[in-house]
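Taken straight from Swiss-Prot:
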{"type": "BINDING", "residues": "Cys52, Cys55, Cys71, Cys74", "note": "Zn(2+) binding site"}
{"type": "DOMAIN", "residues": "48-304", "note": "domain 'CoA carboxyltransferase N-terminal'"}
{"type": "REGION", "residues": "16-42", "note": "region 'Disordered'"}
{"type": "ZN_FING", "residues": "52-74", "note": "zinc finger"}
Amino acid sequence: MLKDIFRKKRKYATLSSLPPKNSEGGLAYFDEPSPEQESTRKELPDGLWVKCPKCGEALFNKDLVENQRVCLTCSYHFRIPARERLEHLVDPGSFAEWDRELQTTNPLSFPDYEEKLAEAYQKSDVSESVLTGQASIEGMPVVLAFNEGNFMMGSMGSVTGEKITRAIERAIELRCPVIIFSTSGGARMQEGILSLYQMAKTSAALGRLAEEGLLYISVLTDPTFGGVTASYASLGDIHIAEPGALIGFTGPRVIKQTMRKELPEGAQTAEFNQSHGQIDCVVERAEMRKVLGRLLRYHQEGAV
């Protein structure tokens with residue numbers, strides 16, 4: 001036929017565009033999944049895998065948690081809940097929590113604040129955005145405070161400031177060093193000026209700690225911003241940060257919107273802050289206990 005004469009002859013091998021047929025003559029790739037296969041799919045729990053935002057690697061969530069939430073491929077430091085951090089840091093069974101009964105109210109009758117607090121209680125296992133208490137690290141007593149990022153982004157309200165201040169005052173009574181792990185978006189807007197008071201309150205308490213000659217180590221984690229950066233996070237005798245932690249007063253997006261300027265790439269990272277003298281050292285999470293233990297030994301009362 002004429003169409004066969006003018007048809008272009010292929011000089012290369014080709015594959016059929018149709019999938020192979022199954023034993024019953026149907027198209028194998030278009031078969032519906034069996035009930036057993038469908039059941040298996042539905043039984044897979046949510047959150048089984050986590051994608052690393054830095055390297056893109058798919059990580060088994062259980063392995064990630066066991067590795068202190070540090071990527072096994074590129075060492076990216078994920079954010080970690082306060083109690084998980086605590087378990088990896090202190091001597092087993094040594095932590096005694098303080099002031100768990102303190103809870104936030106709504107002193108300014110801010111709209112929807114109670115609902116946001118209720119959500120925060122459900123998302124975390126702390127009563128406020130900070131966990132405080134006493135423990136030991138490598139056998140040395142220490143007073144600790146951990147911001148909880150899952151509780152309203154670790155924001156500082158009245159109860160947060162009160163718990164940190166009480167912890168510092170007890171450290172003075174006990175003659176113990178203080179370590180605070182900061183993770184916060186800043187002062188809590190729902191409490192207005194009452195939240196801003198906490199900057200002065202915690203700073204004054206740390207001033208009394210310094211007058212007593214007691215050590216304060218500030219550990220800045222991702223993210224540390226706003227009123228927390230402008231108060232207790234920046235008042236340490238020694239400042240440590242985790243790798244890649246974002247540290248500053250205002251985020252780059254807000255700076256761009258208000259100042260019409262863009263920050264240099266990486267300008268608010270822990271490494272940038274260290275290179276400009278704001279941070280003394282950047283420490284991997286897996287090494288944090290060992291480094292803190294060494295610093296506590298160096299600064300023990302009576303040590304040479």
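Glycine too: its Cβ is placed from the backbone N, Cα and C atoms.
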Ten-angstrom check, please: count other Cβ atoms within 10 Å of the Cβ of Cys52 (Zn(2+) binding site), all chains counted.
18
Entry from the binding-site residues list Cys55, Cys71, Cys74 having the most other CB atoms no farther than 10 A:
Cys71
For a three-state summary based on DSSP, what are the helix, strand and coil counts in the zinc finger (52-74)?
6 helix, 4 strand, 13 coil
State the mean pLDDT for the zinc finger (52-74).
97
